[in-house]
Amino acid sequence: MAELFYDADADLSIIQGRKVAVIGYGSQGHAHALSLRDSGVDVRVGLHEGSKSKAKAEEQGLRVVTPSEAAAEADVIMILVPDPIQAQVYEESIKDNLKDGDALFFGHGLNIRFGFIKPPAGVDVCMVAPKGPGHLVRRQYEEGRGVPCIAAVEQDATGNGFALALSYAKGIGGTRAGVIKTTFTEETETDLFGEQAVLCGGTAALVKAGFETLTEAGYQPEIAYFECLHELKLIVDLMYEGGLEKMRWSISETAEWGDYVTGPRIITDATKAEMKKVLAEIQDGTFAQAWMDEYHGGLKKYNEYKTQDENHLLETTGKELRKLMSWVNDEEA
C-alpha cells in the first residue's frame, strides 16, 4: 500500500528557511509561487525576457527575474516549464548556478527519468506533483483545503530530501489532502501511460471510432456526437465521484448489461497486449526520445495530426452543437 503523509508529518519551517525559485508561470507555476508565498516562503519567479506572464506575476505581487538570476539567488529551484524545453532552460540558466546543498525540484519526472537533465551529485533532486490542474491547486489552497500530491526523491545528497519535499508540498496545501510517496520512475512511466493509453490517446480514439461507426452507418452526426462524446462527461463524472460502482449504480440496467457484455468486445486481449507494448516503449525511453526529436525537429507530424483532427466531422459538429449549450464555455474551442 502507498505511504501517505499529512500536515502533521511535514515541517513547514524547512521550506520557509529556504529561498525558492519557481521557473515558469503557467498553470502549475502560478499556483506554486502564490501558495508558497502565502505560506511565508521567500519566492521569486524566473521568466525569460519578454515573457507574457511577467506582468501577471508582478500584478499578483511576485518578484520576477530571469531564470538564471532566480537560480543564482535560490537554493530550491522548481522547474515548471514545458517538458521539451526543460533541458535547455537547465543548461542555459540553472546548471552553472547550482551549489552543493541546493535542491532541484520538478512537477513531472520525464527529464530526470530519461536522462535529458543530469544534475550534479551535490544537489537534492525532488518532485512534488499535485494531482490536479494549477487553478484547482490554488483555489483549494485559498479555501483552506488542498489537492493530493505525489512526492519523490531521486537524489538525496543532503539526506533531507524527502523532508524538504514534504515541506514544499505543505507550502502549496498538498499535505492538507495527503501526499503519496513515489519514485521518479513510477510517476513518469505511469503518467505517460495513463495519458497515452487511457486519458487522452485511448479516450480520443474510442470517441472518434464510435462517432465514425454511427455516421458511416447513416446516423446524423449531431446524434452521434451526443451519444459518443457529449454524454461521456456524465459517465466520467460518476466514475470520478465513486468509481465504477457509482457509475453502474447510476445508469440504467440496460446500460449496465451492455457494459458487461460489450465492453470486453471493444477492449480485447489484443488491445491490452498493445497497451503493454505502449508501456514498454515508455519504459525503454523510445517514446520520450521520439517526442523530443519531434519537438526539436519542428513539430511537423504533431501539427499534421492536430490539423487532421481539427477538421474531423466530430469537431465541426461539436462546435455547432455547443452553441446550443449556454452552460458550456467554448471560447477557446
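Any Cβ shown, glycine's included, is placed from N, Cα and C.
When Gly134, Gly144, Gly146 are compared with the NADP(+) site residues Tyr25, Gly26, Ser27, Gln28, Ser51, Ser53, Asp83, Pro84, Ile85, Gln86 in Swiss-Prot, the one appearing in that site is Gly134. With DSSP classes pooled into helix, strand and coil, the tally for the domain 'KARI C-terminal knotted' (183-328) is 124 helix, 0 strand, 22 coil. When secondary structure is read from DSSP and collapsed to three states, His108 (active site) falls in the coil class. Note on the domain 'KARI C-terminal knotted' (183-328): mean pLDDT across this stretch is 98. Counting neighbouring Cβ atoms within 10 Å of each of the binding-site residues (Ser27, Ser51, Ser252), the lowest count belongs to Ser252. Note: the CA-CA distance between Ser51 (NADP(+) binding site) and Glu231 (Mg(2+) 2 binding site) rounds to 39 Å. On its own chain, Glu195 (Mg(2+) 1 binding site) has Gly201 as residues at least 6 apart in sequence with a Cβ closer than 8 Å to its own Cβ. Non-local contacts of Gly134 (NADP(+) binding site) by the CB criterion (under 8 A, 6+ apart in sequence, same chain) comprise Gly26, Ser27, Gln28, Gly29, His30, Ala31, His32.
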